[in-house]
Amino acid sequence: EGRARRAAGADAAAGPAPPAPPGVPGEAEPPTPELVEVEVGGTALLKCGPSHSQANFSHVDWFSVHKEKPTLIFRVRKGQGQSEPGEYQQRLSLQDRGTTLALSHVTPHDERVFLCQGKRPQSQEHRIQLRVYKAPEEPTIQVNPLGISVSSKEPVEVATCVGRNGYPVPQVIWYKNGHSLKEEKNRVHIQSSQIAESSGLYTLQSVLKARLVKEDNEARFYCELNYRLPSGNHMKESQEVNVQVFYPAEKVWLEVEPSGPLKEGDRVEIWCLADGNPPPHFTISKQNLRTEEMEEMTPEDNGALVFESARKEHSGLYQCQGLDLETMASLLSDPQELLVNYVSDVRVSPAAPESQEGGSLTLTCEADSNQAVQFQWLREKTGRVLVEGPELRLHGLKREAGGGYRCVASVPSVPGLNRTRLVHVAIFGPPWMTLKERKMWVRENALLNLSCEASGHPRPTISWSVEGTAQERDQDPQSVLSVLSVLVTPELLRTGAECVASNSLGRNTTAIFLELGKQPASTGLSTSTVSPSVRANGTSTEKKLPEPESKGVAIVAVTVCVLVLAVLGAVLYFFYKKGKLPCGRSGKQEITLPPSRKSEYVVEVKSDKLPEEMGLLQGSSGDQRAPGDQGEKYIDLRH
């Protein structure tokens, strides 16, 4: 982590050596003991002097010296060892042919001087200082949970560091933001103590006290333990901690979320903020536009004023006030304006536009806003943009021009801010049927739903030629859908049903034919099989198709068509034989018929295509169609 690695010296970490035992009277002071280092739990190898020969170890006594008192712990006689009763009895053994005494399972209590004495040829002794080491556990650190106020006049506890089960007692160093702390009068104080466990190991406890300032609120503190092992100097570090620092606020300000332009419908939050810890008690005020005085508002528990769906009335000047409950000092923020952009009250005139076929209309759109507004006109059923601008001009209106038109008022400078108004254009005319004919496959005695849809202006009413339960619902201001629930009876199969739509300008019908078949009838709105030749519309002047005798009429029609084709083929063959119809020649020649027969053969072309949407904008051109003509002619084959 980039921290410097430090360790205490071995001499500083170790305790003082016990004094040497008294020697033989009249002899010189004994030499400095030989140093042997070992970790707790290891085995210490004690050699009785490197200068002695093998003959010198035939008769040796080993002593442990505690509080200057030597105690016999082991005897060597003729190369054979014998432990004395006591604490070392089970842990001593000879090695290296009797030259080395091994002490196993070393504990901190074994840190003392050991003495060996040889008796032959003369009395000799060798002293050994045994040093014992144990690395402490990882240090733990506990921060002051109450925090520290910068107003404190004396150093206050910041954190406590604990290092357990070490030997000897390790050294502790405190750090703040990676820099070591030293004792400083009335600013920094480090108080350390140690506890001796029954095992002989030590637990170190160090308390850091300090006077902190506002900037220390983000400071990181940790402690470091330095200790020694036979392998050298080592260290361990605690985790970093942060202590809460309390200080009064010096500034209060106001923030609005989200940032950027606001619009009606946005979720808006007004926050009061301060640079104090803990933050002061906040109140939020808004300026009254009539009195120009600040009026207090009720914020949420967290000190925020929240508008779940902002409105233009929320615009205005806001201000925060912070009250420090400890010092009772009050701070005010700078006033800040909140602007909620809006587009409202979109109006179209005329509100209910209507016109005769062939007429013209001008629709004008207006809206209220605090910003510049742009307008668009769209066709409701297609979504196609018809014109940019507040006015929509419609000329040469046909029935297809009826329906919905939508004005869109938007503010380009505020993304997403727009409002719309839908208006329905009504074209006067008799009812217009969605279908002229419908054939349905049904099962006898089944309950059947028959549907019929018509539109027109004025709005048409619908009646049925058969008894049943009818329900109506409006599709739009000029359209109505009627659903009739009936029971399929032999009479209904014979006559079918007729839907009649009428208004003050005319009437129109839809004929529904029923036939028994394998296809089941729908339980909801009926699904019908419609012939392409009857998908277009007609007015009330068109004739109703036959009911029971429709099959006979079809046979007659087919027969007539076959006869006409036969006669036409005979005529063409006649002209070919006379040379008036050459084959294989280049160019084209007109087929000439006698004047008396020219009127007998007429070719009729019919389109099944429904009318497409007409050109609506000024300047569009198209063929005019007489009122009531819905784009398709029917041939009555019964006459």
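Using the three backbone atoms N, Cα and C, a Cβ is placed for every residue, glycine included.
Per TrEMBL, the range carrying the annotation region 'Disordered' out of 100-126, 289-315, 343-369, 613-639 is 613-639. The helix, strand and coil residue counts that DSSP assigns across the domain 'Ig-like' (248-321) are 3 helix, 37 strand, 34 coil. With helix defined as DSSP H, G or I and strand as E or B, the domain 'Ig-like' (431-510) counts 6 helix, 53 strand, 21 coil. Averaged over the domain 'Ig-like' (139-242), the predicted model has a pLDDT of 95. Across the domain 'Ig-like' (30-129), DSSP helix (H, G, I), strand (E, B) and coil residues number 11 helix, 51 strand, 38 coil.
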